[in-house]
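Student: Got these off TrEMBL a minute ago, pasting:
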ACT_SITE  Asp18  active site, nucleophile
ACT_SITE  Asp20  active site, proton donor/acceptor
BINDING   Asp18, Asp20, Asp218  Mg(2+) 1 binding site
BINDING   Arg27, Arg132, Arg143, Arg150, Ser188, Asp190  alpha-D-mannose 1-phosphate binding site
BINDING   Phe230, Asp232, Thr235  Mg(2+) 2 binding site
Amino acid sequence: MVSSSFADRTYPKLVLFDVDGTLTPARQSVSQEMIDTLKALRKKVVVGIVGGSDFNKISEQLSVNGSNIIDDFDYAFAENGLTAYRLGKPLESQSFIKCLGEDKYKTMVKYVLHYIADLDIPIKRGTFIELRNGMMNVSPMGRNATIAERNEFEAYDKIHGVRLAFVQLLRKEFADYGLTFSIGGQISFDVFPTGWDKTYCLRHVEGEGFEEIHFFGDKTYKGGNDYEIFTDPRTIGHSVTSPADTIRVLKELFLS
Ligand code: M1P
């Protein structure tokens, strides 16, 4: 039996969405068509988002005209669920730095910044490491990049494998740290304790009595940051290619 909080929905099902590439173009805002589709969907099922980015970035992308994502979605999971809200209320969360410890974190920061300093790529900007509540985000070009610069780096990286070589090295160098290195977006990769991938958010919905949990994501291939939750036996995974594709599948499955 689904929790009484969700008794008003037609189906006792939860539908979770990745953000970048699934609900919005990478790091860009949500379209009105997507908002309307999600509103219609929320009448039928329970709806949540699970993004790798931090809460503020996801909010910026999904909020329109002053709306608030913690009210617009039944569940809002940022940083894979390390920052979590259910029906507007925060759920308990953990911290990357506490889990890893200051000394190990410092060792890794030194290594990463030395490596980036010596890296020869077409352009570099600022903010090469961003420490978040549940993860560390590393960007070889730096996070202070424009959309055009991001797109250029992404294209360059596809050819030269800058991030892939970097994470392969870190996996070897820090093999005993119990960390996962995940390339999810365009210009960076995420580092978090193994198990703190998007499946982390599922612990917040266990016990709600959902008949099915659907997950929509675009990086569902092995090594992509949607892979673990997409292949998890607790979810029914849907691999989509763009926000328009997400709308198409939602119409087919839930809105026709
Ligand atoms: O949503 C996927 C990723 O989005 C951003 O990646 P990038 O800035 O490289 O495009 C980051 O917030 C990253 O943490 C996240 O996994």
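Backbone N, Cα and C atoms are what each Cβ position is placed from, and that goes for glycine too.
Show me how these features fit into the structure around them.
Tutor: All protein chains shown were included, and the count of other CB atoms within 10 Å of the CB of Asp18 (active site, nucleophile) stands at 27.
Reduced to three states, the DSSP call for Asp20 (active site, proton donor/acceptor) is strand. Summarising the environment of Asp20 (active site, proton donor/acceptor), the number of other Cβ atoms within 10 Å of its Cβ, over all protein chains shown, is 24.
A sphere of 10 angstroms centred on the C-beta of Arg150 (alpha-D-mannose 1-phosphate binding site) encloses 20 other C-beta atoms.
In the three-state DSSP assignment, the secondary structure recorded for Thr235 (Mg(2+) 2 binding site) is coil. Within the same chain, residues at least 6 positions away in sequence whose Cβ sits under 8 Å from that of Thr235 (Mg(2+) 2 binding site) are Leu16, Leu202, Ile213, His214, Phe215, Ile229.
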Student: Which whole-number value in Å describes the distance between the Cα atoms of Asp190 (alpha-D-mannose 1-phosphate binding site) and Asp20 (active site, proton donor/acceptor)?
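Tutor: Approximately 14 Å lies between the Cα of Asp190 (alpha-D-mannose 1-phosphate binding site) and that of Asp20 (active site, proton donor/acceptor).
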Student: With the Cβ atom as the reference point and anything under 6 Å counting, tell me which of the recorded positions (Asp20, Ser188, Asp190, Asp218) are near ligand 1.
Tutor: Asp20, Ser188, Asp190
Student: For Asp20 (active site, proton donor/acceptor), which of the listed binding-site residues (Arg27, Arg150, Ser188, Asp218, Phe230, Asp232) have their CA atom within 10 A of its CA?
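Tutor: Checking Cα-Cα distances against Asp20 (active site, proton donor/acceptor), the binding-site residues within 10 Å turn out to be Arg27, Asp218.
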Student: Can you grab the distance from Phe230 (Mg(2+) 2 binding site) over to Ser188 (alpha-D-mannose 1-phosphate binding site)? Cα atoms, rounded to a whole Å.
Tutor: 21
Student: Would you kindly give the Cα-Cα distance separating Asp232 (Mg(2+) 2 binding site) and Arg143 (alpha-D-mannose 1-phosphate binding site), rounded to the nearest Å?
Tutor: 31
Student: Report, as a single number, how many Cβ atoms besides its own are within 10 Å of the Cβ of Arg132 (alpha-D-mannose 1-phosphate binding site).
Tutor: 22
